[in-house]
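This report refers to the structure that appears directly beneath it.
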Protein chains: 2
Amino acid sequence: MNASSRTRIAVNGYGVIGKRVADAVARQDDMELAGVSDISADWRARMVTQKGYRLFGAASEHAQAMRDAGLDVAGTLDDLLGASDVVVDCTPKRVAAKNVEIYRQRGIKFIVQGGEKHEVTGHSFVAEASYESALGGDSTRVVSCNTTSIVRTLTALKHAGLLRRARGTLLRRATDPWESHLGGIMNTLVPEPGIPSHQGPDARSVDPDLDVITMAVKVPETLAHLHYWAVQLTRPADKEEVLDAFRASPRIALIRMADGLTAINAVKELMADLGRPHDNLYEVALWADMLKVEGDELFYGYMVDNQAIVIPETVDAIRALVGQVRDPHESIAKTNAALGIGAVVDALGGR
Amino acid sequence: MNASSRTRIAVNGYGVIGKRVADAVARQDDMELAGVSDISADWRARMVTQKGYRLFGAASEHAQAMRDAGLDVAGTLDDLLGASDVVVDCTPKRVAAKNVEIYRQRGIKFIVQGGEKHEVTGHSFVAEASYESALGGDSTRVVSCNTTSIVRTLTALKHAGLLRRARGTLLRRATDPWESHLGGIMNTLVPEPGIPSHQGPDARSVDPDLDVITMAVKVPETLAHLHYWAVQLTRPADKEEVLDAFRASPRIALIRMADGLTAINAVKELMADLGRPHDNLYEVALWADMLKVEGDELFYGYMVDNQAIVIPETVDAIRALVGQVRDPHESIAKTNAALGIGAVVDALGGR
C-alpha cells in the first residue's frame, strides 16, 4: 500500500488516550497520522514534536502559545481537519460534545471515546461485536474501558452458546497514574451510589441482547481495573469448554496465578518486560486457573488496563468507518499484529 | 446480679481483637474481666494496667519482662485460667491451636477466633444463627469478620423466606491500621488465587443450608472490608420487603448514600462521632438506597469493620457456653445495649 492510499488520521487531544492512539495509528501500514491537536504548550506538547508528529493548536491562541514556547507548530485544528479523512476525538467530556458539531459541519468522519453518550453518534463500537454495523458510517463511539472488557468477554461466551446472564462487580482504579498528583493518598473505598452501575446498560448499547448487571466501587490504586463475574450459563459446562470460548477471542489473554501473575502490578510489569509502549495491556487479562465452573454457573476475574484496552478498538473503528476492510477479523488481526497483541498469550502458553 | 454470680472471663492475647473483647466484657453486667494475658511488655501491655485490668504474662518469662519494664503483673496465664470460668483466645493463628490443648487439659470453657479451623471446636458461632447449638458447650469458634457478615445478612434473608442462593465479591482491606507500618504503600490489587474463596464454605460451617459462593480480592486500604452481593431470591420481591428483612436483624445497620455516607471512611468517622471505642462499627453497615431488586434478583453492598464486628458475637458466645441465658435474642439485646448497638441506626432513621 503506498502512502497516497493511506487513511489520514487526526488525533484531537493528547492525553492518556490520545497519545496512545497516535502511537498506535503510526504503526498501521494503511494509516497515516496527519497530526495531533492539543491545548497544552508544556512538556506534553513537546513530546508530540519529539516523536516526529505534526503539532496543531486546538485554536489560534493555543498555536501561538506553542510557538511562544519554542515549539514547531503546523497550524490549528482547523488546518489539521482539512488534511485528514478521520478525526479521533480524545478530548475530555463536554469538550468532545462541542467538537462533534465542528466535525459534522466539516463533513469529516469522527470517533469519540466512551465518556460521551451513545446518542452522540448513535453507534457504539467494540470490534468483536459491532464492527460490521459501523462499516462506512460517519461516526462511532468507542465505548469505555470497562464496557469494552465486558463486551469482549460476554461476546466470547455468547458466541460459544454459553451465555445466559452475567452479574459483575467492578473495582475501578481511583485515578490515572498521570493524574495521581492531583489527589491525596486515598485510604477508603467509594461505592458508586447506584446499582446497577452504568457499565451494564452501556454494554447493551453495543449489543442489546446482553443480559448484564454491574456494581462498581472506586479503589485506591492507579494501575488497572479488576472485574469479578458470576455468570449463569445456558447449560452445565466444563472448565476447558469455557476457556476455549475465551481463547477464541483474539483480545482476551489467559494468564495464570501459578505463573506468578498473582496481582495486577505483576501483569503490568510483564507488559513492561515485553517492551510495550507505556506498558500497555491491550487485552483483557483473565486468570485461567482462578476461573471456576460449578454446574451451570461460571465465576472468573480479569484485569482491565483503562488506558490501553480501547486503543486497538479505536484503530479498528477507523477502518470500519473508512469501509475498505469489510471483515472485522481482518482488521482485528491487522491491528493486533501491528501492536504485538498475541505475544503475551504466546509467551505464557495460554493458547 | 451481684459480683459473685458474674462469669469470670480471661482474655488471652491483647491485639486488635483481644483489646476490644476486654473492653466489651468489662461493659457487661453479668461478666467480670478476670484479666488479660499477653507476651508484650511494651506500650500495649501498659495500656492493660492503665485501664485497670489485671495483667498476666503468657509464660513466666513474659511476666518477668513485664516486671522488668515496671509493669504491675498479677501472674501468668496459668494463674489467670485458675481464676476464670471462660477464656477467650485472641492470640494469632497457630498459637491458639496450641493453647487449646492447655484449655482442654484444665477443663476450662474456651472460645477461639475465626483464624482457627471449624474442627478445633466442632462448633462455629454467629449469634443470630447458631447460639442455641452452643448452649452449655465446652467451646466454640467465633467465625471471621467476613463470614460473620455473610451469615448475619443471609440469615436475615433466610428468615424472611427470600434466600435461594447468594454470590458475593469481597474486597478485603490490605492490613489492619495498627499493622500498616509493617508493609509499604500498596498500589495494586491482589486476587485470592482460588474461586471460591474460603468465606463461602466457612459460612456453611455455621449454617450448612446456605447456598453461598464467594470471590475475594485484597485492596490497598486499611479501614474495612466491602462486600457486593448478587442474590437469587426464592420469588420476585419488592425493595421495601427486602429492607424489612434486613431491619429485622438487630446487627444490620441500614445507611444511606443520600445521608452523605458515600464511602467507608465516612462511616468510620460517624462511629468516632458517636463516641464508640476505637470507632468500632459492630454492625454490618448496608447501603439501603444503593440496594436494588430486579424481579427475583437482589443486589447490595455493605461494609464490614474487621476489627469490631466479631466483638458482640464473642460476648454472646460467652453467654451461650455459660448457658444461663437460653434465648439468643435476650443475649443479643443485652450485648447490644451494653455496646450502644442500635444507636447508629436510630440516629440515622434507618428503622
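Cβ coordinates come from backbone N, Cα and C, glycine included.
With DSSP states grouped into helix (H, G, I), strand (E, B) and coil, the domain 'Glyceraldehyde 3-phosphate dehydrogenase NAD(P) binding' (A:7-145) comes out at 57 helix, 33 strand, 49 coil. Among the features that TrEMBL reports, domain 'Glyceraldehyde 3-phosphate dehydrogenase NAD(P) binding' is placed at A:7-145.
Feature annotation from TrEMBL assigns NAD(+) binding site to A:Asp38, A:Asn306. Under 8 Å, Cβ to Cβ, and six or more positions away along its own chain, A:Asp38 (NAD(+) binding site) finds A:Asn12, A:Gly13, A:Tyr14, A:Gly18, A:Arg44, A:Ala45, A:Val48, A:Leu55, A:Phe56, A:Gly57, A:Ala58, A:His62.
The active site, nucleophile annotation in TrEMBL covers A:Cys145. In the shown protein chains, 24 other C-beta atoms lie within 10 A of the C-beta of A:Cys145 (active site, nucleophile).
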Self-check item: A:Cys145 (active site, nucleophile) and A:Asn306 (NAD(+) binding site), distance between Cα atoms, whole Å
Solution: 5
Quiz item: Does DSSP give A:Asn306 (NAD(+) binding site) helix, strand or coil?
Solution: coil
Self-check item: For A:Asn306 (NAD(+) binding site), the number of other Cβ atoms found within 10 Å of its own Cβ
Solution: 22
Quiz prompt | Average model confidence [pLDDT] within the domain 'Glyceraldehyde 3-phosphate dehydrogenase NAD(P) binding' (A:7-145) | solution = 97
